[in-house]
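Working notes, beginning with the structure itself.
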């Protein structure tokens with residue numbers, strides 16, 4: 001974790017390429033030369049630069065009233081390189097601030113795309129979209145990313161036994177089990193046999209209290225990761241020297257990196273608003289449910305760069321980095337992004353709880369348990385990855401055929417009133 005480099009940063013770095021600054025160095029003016037160098041490093045320093053045109057196309061499509069499904073698709077494509085560039089910029093800033101601040105930056109910005117999309121969905125009171133997208137991010141990391149990585153890594157390394165350090169996986173599994181408990185209890189409240197009028201408010205209060213507990217647990221995890229047990233999260237490649245690693249020098253200045261990070265965040269916010277506003281139109285146009293788009297499509301596209309990096313490192317038999325990406329992202333979303341959204345909704349006067357309904361919570365529970373069983377012995381082979389992938393396919397098929405109304409989970413108080421009226425009328 002030198003200079004704050006974590007598994008997330010190393011995963012994203014696998015898609016970067018070194019920029020050739022020969023032409024830029026010939027510019028006579030220093031300020032212009034630095035500007036051009038920054039532009040080249042930020043926009044051409046990634047293999048995903050071909051997707052950057054989707055950003056202005058999405059903005060133009062929105063300004064000129066193109067089809068809303070097109071806006072949705074272009075916005076999703078534009079988010080792919082932006083997520084990778086945020087990881088790059090936080091790493092550049094960490095070269096100047098040190099590993100601790102760099103780790104804190106990664107802990108807060110590692111899933112910036114999911115958080116920003118969730119905030120805009122909350123603003124529009126689309127609580128179901130918030131829950132679906134965050135649940136989908138956890139499921140995709142645990143089943144799709146980890147499953148694909150273990151499967152591809154096992155096929156590519158049939159002649160070698162694949163091993164990894166169980167200690168980091170155990171810590172993340174414990175965090176995910178704590179998050180699962182906090183999701184289960186509000187749902188069990190609803191199925192406790194009491195009237196909905198009697199359980200809705202206590203379940204909401206329990207969700208808010210559980211969210212505070214989860215945030216405390218996440219802060220303790222960050223302290224554990226960055227200070228007391230840093231060695232558990234250090235990649236062996238940091239000490240052995242990795243030919244594929246990014247050179248341990250900053251390529252842009254501190255204030256340039258900070259400015260670019262703010263600019264990228266603003267663009268992510270703009271595209272996230274487009275995604276939230278147009279998701280229902282895309283659902284109607286494509287014949288796919290909002291739950292399927294939110295749980296399956298959004299997480300896959302939004303984190304494509306990071307996920308691709310995890311699979312690449314699995315091919316190279318570097319499973320510690322792969323596990324750090326998949327489990328670390330899942331734990332960060334479950335223990336930080338989800339409870340933070342509940343607290344933000346509370347501040348905004350919106351009643352969002354941790355009850356994700358029985359189908360969604362059951363899928364989450366089985367995914368966490370299956371992942372914990374998969375990683376319990378410290379070794380891997382392709383069959384483990386294949387089983388996790390089959391888990392994901394079955395869950396994806398379930399939500400593909402699901403036609404749950406979007407606002408079913410959004411309306412809490414009116415549902416309570418209707419239940420109360422029904423009771424009195426009876």
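A Cβ is built for glycine as well, from the same backbone N, Cα and C atoms used for every other residue.
According to TrEMBL, the protein carries these features:
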- 70-227: domain 'Sodium/calcium exchanger membrane region' (DOMAIN)
- 258-395: domain 'Sodium/calcium exchanger membrane region' (DOMAIN)
- 42-64: transmembrane segment (TRANSMEM)
- 101-122: transmembrane segment (TRANSMEM)
- 134-159: transmembrane segment (TRANSMEM)
- 171-189: transmembrane segment (TRANSMEM)
- 209-228: transmembrane segment (TRANSMEM)
- 249-272: transmembrane segment (TRANSMEM)
- 292-315: transmembrane segment (TRANSMEM)
- 327-350: transmembrane segment (TRANSMEM)
- 356-375: transmembrane segment (TRANSMEM)
- 382-402: transmembrane segment (TRANSMEM)
Beyond the flanks of the transmembrane segment (171-189) by at least 6 residues, Cβ under 8 Å:
138, 142, 199, 202-204, 206-207, 210-211, 213-214, 217-218, 221, 224, 232, 323, 327-328, 330-331, 334-335, 338-339, 353-358, 361, 364-365, 368, 371-372, 375
What are the DSSP helix, strand and coil residue counts for the domain 'Sodium/calcium exchanger membrane region' (258-395)?
115 helix, 2 strand, 21 coil
Per the Cβ filter (under 8 Å) with a sequence gap of at least 6 from its ends, the transmembrane segment (42-64) is approached by 15-19, 70-71, 74-75, 77-78, 80-82, 84-85, 88-89, 251-252, 260, 267, 270-271, 274, 305
